[in-house]
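What TrEMBL says about this protein:
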type: COMPBIAS; residues: 20-45; note: compositional bias 'Low complexity'
type: DOMAIN; residues: 64-360; note: domain 'Endonuclease/exonuclease/phosphatase'
type: BINDING; residues: 67, 98, 239, 241, 359, 360; note: Mg(2+) binding site
type: COMPBIAS; residues: 116-127; note: compositional bias 'Basic and acidic residues'
type: ACT_SITE; residues: 200; note: active site
type: ACT_SITE; residues: 239; note: active site, proton donor/acceptor
């Protein structure tokens with residue numbers, strides 16, 4: 001798999017950029033013949049009455065999203081390999097879904113979805129496992145935000161390098177409420193020039209009468225409203241639980257005709273594998289078009305890749321062996337599409353290489369820095 005990220009030294013720290021040459025070093029490179037500017041000449045070079053431009057505020061440019069399918073289990077079994085991946089890719093932000101860690105609060109008491117449960121002996125032990133993992137390299141330079149469910153279900157986390165301080169972090173799609181979304185499905189970090197949205201979309205389910213169809217329709221409606229109202233360019237990532245086109249699944253006919261115990265929904269558009277029904281795919285397409293969003297992976301990778309073009313893989317044993325879907329995404333506002341440097345899926349094959357114990361593999365995005373248009377020169 002091609003690697004688009006900057007190389008990382010052996011100590012795991014990000015590779016440092018070569019500093020820009022100073023005026024004195026430019027003079028040295030020219031043999032010392034270039035005279036230094038006088039203060040008056042320097043003022044004229046900047047523009048009379050102008051002040052030097054303020055340094056650009058550095059923002060995250062490298063991102064990873066991963067459905068961990070229980071972060072605690074990954075930390076107990078597959079963590080060293082995942083740490084090597086993080087050290088190699090060196091993301092500025094890691095968005096995690098299906099954390100499956102319960103929120104703080106004793107039984108029957110109000111819960112705190114932003115904190116890990118620690119009121120029992122077992123929960124304290126589990127919390128210590130998590131805290132130790134996130135305070136050791138390469139994670140000691142990151143800070144984590146949680147949005148957790150009341151039980152070991154769903155939940156999200158956003159892990160951001162400490163040098164990138166968000167202006168605001170929200171846990172609800174309305175961005176004004178201090179409340180968390182049910183089951184901890186949303187984290188939104190606001191930076192100077194963009195919003196970063198991490199979501200774990202609810203599964204569509206198989207049966208209308210179980211209310212899962214209705215729950216997913218309501219979620220999609222709220223997401224449509226959100227993307228139409230954002231006031232900054234958006235980077236939306238996570239397990240979105242939908243494969244948009246046939247190219248996004250390994251076996252379209254298998255997924256289109258899939259049934260649970262022979263049950264067939266009354267509406268034909270709701271038939272098939274959850275995440276690949278016509279109704280879900282059409283709603284997703286409408287969210288993309290109405291929100292003016294670009295699927296970053298598909299923007300760069302136009303052809304179907306049967307080896308490493310899918311982010312979810314069925315169990316290696318049983319009828320889902322070799323059946324794979326792309327349901328983990330980076331969607332970016334059209335304004336950002338020209339800044340997409342790379343977007344890669346880091347797992348491959350039916351044996352789940354690069355999945356680190358989950359049934360999902362990490363997906364990464366790198367953006368270039370925004371290039372500002374030059375200001376017109378003064379006629380004076």
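Each Cβ is built from the backbone N, Cα and C atoms, and glycine gets one as well.
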Other parts of the chain folded back onto the compositional bias 'Basic and acidic residues' (116-127), taken as Cβ under 8 Å at six or more residues beyond its ends: 72, 101-106, 146, 148
CB within-chain contacts under 8 A for residue 239 (Mg(2+) binding site), separation at least 6: 65, 67, 97, 98, 199, 200, 201, 327, 328, 360
Integer mean pLDDT for the domain 'Endonuclease/exonuclease/phosphatase' (64-360): 96
Protein Cβ atoms within 10 Å of residue 67 (Mg(2+) binding site), excluding its own: 26
Lowest local Cβ density (other Cβ within 10 Å) among binding-site residues: 98, 359: 359
Cβ-centroid neighbours of Mg(2+) site 67, 98, 239, 241, 359, 360, 8 Å, sequence order: 69, 97, 200, 311, 312, 327, 328, 358
For residue 241 (Mg(2+) binding site): intrachain residues, at least 6 apart, with Cβ closer than 8 Å: 201, 202, 203, 204, 274, 275, 327
Residue distribution over DSSP helix, strand and coil in the compositional bias 'Basic and acidic residues' (116-127): 7 helix, 1 strand, 4 coil
